[in-house]
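As written in TrEMBL, here are the features:
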- 1-87: domain 'Response regulatory' (DOMAIN)
- D22: 4-aspartylphosphate (MOD_RES)
Amino acid sequence: AESEEESLIKDRELKPDVVLMDVKMPGIGGLEATRKLLRSHPDIKVVAVTVCEEDPFPTRLLQAGAAGYLTKGAGLPEMVQAIRLVFAGQRY
C-alpha cells in the first residue's frame, strides 16, 4: 500500500497475519499507521521497515505496537526470519 488509507483498506480485504510497514509511508507515517492498524486489527503482527537503526527510533516502533523492525538493507533471509519469528509470537 502507498498510504495509510490504502493500507487499512488492504488489511480489511486481505486479512494478513503479518504486515511489513514502511516507516516513511506518505501521509501520517508508519508509526501512526501502525497504531491505527493495531487498534482496528489487534491480531495482526507488524514488522516495521526503516532506514534508522539508532535509538530512540526502534524503541518508538516497538512502543507503537510493532513486533519487530528491519532496516531497509535487510536481505531476503533476514526478512523471512523476522516474519516467521513475529508470526510465532516473538519479537524481532
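The backbone N, Cα and C atoms fix where each Cβ goes, glycine too.
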Sequence-distant neighbours of D22 (4-aspartylphosphate) in its chain (C-beta under 8 A, six or more apart): G30, V49
Where the residue listed as '4-aspartylphosphate' sits in the secondary structure, as DSSP reduces it to three classes: strand
Averaged pLDDT, computed only over the residues in the domain 'Response regulatory' (1-87): 85
Within the domain 'Response regulatory' (1-87), residues counted as helix, strand or coil by DSSP: 41 helix, 15 strand, 31 coil
